[in-house]
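J.: What Swiss-Prot records for this protein is below:
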{"type": "COMPBIAS", "residues": "1-21", "note": "compositional bias 'Basic residues'"}
{"type": "REGION", "residues": "1-23", "note": "region 'Disordered'"}
{"type": "COMPBIAS", "residues": "91-108", "note": "compositional bias 'Basic residues'"}
{"type": "REGION", "residues": "91-114", "note": "region 'Disordered'"}
Amino acid sequence: MAKSLRSKWKRKMRAEKRKKNAPKELERLKSILRTGADVVMEEVKEVATVLPAKEALEKQDDCKMDVDNKRNKKTLLDQHGQYPIWMNSRQRKKLKAQRLKGKKKSKLPKGLAW
């Protein structure tokens, strides 16, 4: 879809605003780091526990992917006839229509073929 003049203008104005406000934003971020860096880190330590790298990797290995389900690669249906959860409804509807279209083709009786 083509970009409208309005969207181009808005993008241009946002870029100029970013340029104008960049020094103020930088100073604000630096002041946050200067004043409360130690205080913020203490709060984070209270909330979160720091784990060694080995333990973190071991915990990640426990996760299982959903590979137990047998899925048809062509139709993306699993053994229960369900589509994957990430597929949106329009895509499901389209695939279902294609599947049913193939089933509806009626065969001509043997005697009537000219």
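Using the three backbone atoms N, Cα and C, a Cβ is placed for every residue, glycine included.
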J.: Please give the sequence-distant neighbours of the compositional bias 'Basic residues' (91-108): residues at least 6 beyond its ends with Cβ less than 8 Å from one of its Cβ atoms.
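T.: Result: 75-76, 83.
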J.: As a quick check of your reading of DSSP, tell me how many residues in the region 'Disordered' (1-23) are helical, how many are strand and how many are coil.
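T.: In the region 'Disordered' (1-23), the DSSP-based counts are 19 helix, 0 strand, 4 coil.
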